[in-house]
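Following: one structure in structure tokens, then a few remarks.
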Amino acid sequence: MPRLSNLYLFLYNSLQSLGWALALFKLLCSFVVTESTNGAYASAGELICFLQTVAFLEVIHGAIGLVPSGALFPLIQWGGRTHFLLAIVRGIDEVQELPSVFITFLAWSLSEVIRYPQYALSCLGPCPYWITYLRYTSFIILYPIGVYPGEMWLMYQALPYIKEKHLYGDSLFGLPFSYYNFVQVVLLCYPILWLKLYLHLFKQRKSKLAKPHSKKKM
């Protein structure tokens, strides 16, 4: 009988799978009906914000050893996505209809409707190889699309609005702080942090897709 932790992880990953599948459905329906990418945030933005916020549980899962991933890489991914979503996309109305939002949401949704089912099935036993292969191959294309023409391009496009609106002020806990300068620094650091995560995924891919050695004949 599966352990209680496995049942919890199966439930969590199954609910995330359903949530991201619904987000993908909403995105595609909006695109088909309007023949435009402008409605991406209006159709699925709040749902994606919720799903991504809840995903902080994955950082906790790694930190307490519930899963073997550790906390660092989940935290890097969660922090980057959550800042992008809540501070910029949700916080600046003017950028919500830009094509970069649709590109990002589509790449994320496609990635997650593969990743979470693979995680969920792995909680029950050996996952079908084709799903594992898809999970550790699709990121090669989807991650760069989500980051460069998606997240980074949108943050760059948001800079004039951040400066004009004086977004989030000039202080943080009483310390001098410019969010405009902060986003510029983030844009400089983003490729480095993303590359670290991307290369880590390639290491995982090599490990997860490695075929077991044939047993030696007696």
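For all residues, glycine too, the Cβ spot is worked out from N, Cα and C.
Straight from TrEMBL, the features:
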{"type": "TRANSMEM", "residues": "7-33", "note": "transmembrane segment"}
{"type": "TRANSMEM", "residues": "53-76", "note": "transmembrane segment"}
{"type": "TRANSMEM", "residues": "139-159", "note": "transmembrane segment"}
{"type": "TRANSMEM", "residues": "179-199", "note": "transmembrane segment"}
Contact call for the transmembrane segment (139-159) and the transmembrane segment (179-199): at least 3 Cβ pairs under 8 Å, seq gap 6+: yes
Positions whose Cβ lies under 8 angstroms from the transmembrane segment (53-76), at least six residues beyond its ends: 5, 9, 12, 16, 82, 86, 193, 196-197, 200
